[in-house]
Amino acid sequence: MESKEITISRGLEGIYIAETTLCKIDGANGRLWYRGYPIEVLAENSNYEEVSYLLLFGKLPNRKELSAFRERLKAERDVPPVVFDIVEEMSGRAHPMDVLRTCISSLSIYDEDPEDKSQQANIRRAIKLIAKTASIVAYMGRYRQGKDYVPPDSSLDHSANFLYMLTGKKPDEMAAKLIDLMFILHAEHGSNASTFSTLVTGSTLADVYAAVTAGAATLKGPLHGGADEAALRMMYSIGDPDNTETYIEEALEGKRRIMGFGHRVYKAYDPRAKIVRKYLELYQERNPSEEVSRLLQIALRAEKLMLEKLSKTKGIWPNIDFFAGPLYRAIDVPAELFTPIFAASRMVGWCAHLFEYWQNNRLFRPLDNYVGEVDKKYVPIDQRE
Ligand code: CMC
């Protein structure tokens, strides 16, 4: 065998797959930029619609461009009939991410002209997917709680409308800011597993719906998008803040992973986690809640212990998913919707990456190193043991 010269990069660690102008991650120093703008600046000053425009079109919009883009998103907010059926049929038995993946896939039947492969048509698809995915997630949440569909409200911006369609209440300014913040922070993150999966599917020249459905399927796992729900469930299992240290110690001794910690690229504090933590503490100060106070105490004690134990030795720091759960709970979002909201926010990143990749498309076709036998003798079935 000629396997001596073959190097296998497990998990494609350290392998570059493309050039991009979408997002830069400085993992060593915990920095992140979308199209050159620091994430802290966007989180503080921008909004999800503006960030989506920035990612899709490569520049910040002027007032007229932003207003036209908002109108296009608003016009696509309705939940189509097939989606109601899918949500109602699947919700009792399937994981919310399975329901969402199926709904996203079904949107292809509403495409005005599937044969049109132009950039303009793809932008139209991206707008449809961004707008409708948020509304679908809101309806999934309503249905799971036995509540009726809330139609979109065109006076609200994208993420505030999402919260309204989920809760039936118009969010106050602070809740609207928090949900928008989560949409911004989840909008894009380089060639992470779900974006890569989107690109792999797209590289066959399958369509946008197929590619982002692959992205949504990939996001489900607890090593990726599912970590925020898993981290919150861990905090619920800890229950009392005084149990935190024992729980973490035992988990680490048992070689279990603490969800919401560690990252393939960041070997420093994830800058998104810092922002989530800051806003969570601010919100809790202004709108104290017993549940969030307990979760925050657990989170801060777990963070302290994890930093003492693993930040220097293994480069394990909190990632965005650690404080996300308590923040969502502060604005009354149920845990099973965390990953679907991540998908709704990341839809723009998946689409923007796909369109950028298609400008210089090359089929993904890596190799694997065969280590089995060759030329084995075929034994007829009735002669086998
Ligand atoms: N808790 C405890 N130990 C950990 C953790 C953790 N969360 N993450 C990594 N380690 C340890 C791991 O056991 C290994 O130790 P050793 O060298 O003794 O075997 C070492 O750190 C290196 O881990 P790795 O698995 O080689 O690192 P990776 O780059 O493959 O893992 C990761 C990245 C995100 C899969 C991993 O850190 C993890 O499983 N974290 C928990 C899940 C999580 O929070 N995921 C969300 C990521 S951020 C949101 C997103 O973009 O999806």
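Just so you know, glycine gets a Cβ as well, placed from its N, Cα and C.
For His263 (among others), the entry in TrEMBL reads active site. In this view, His263 (active site) is surrounded by 22 other Cβ atoms within 10 Å of its Cβ, with every protein chain counted.
Neighbour list (Asp321 (active site), Cβ cut-off 8 Å, at least 6 residues apart, same chain): Ala227, Asp228, Ala230, Ala231, Met259, Gly260, Ala273. Feature annotation from TrEMBL assigns active site to Asp321 (among others).
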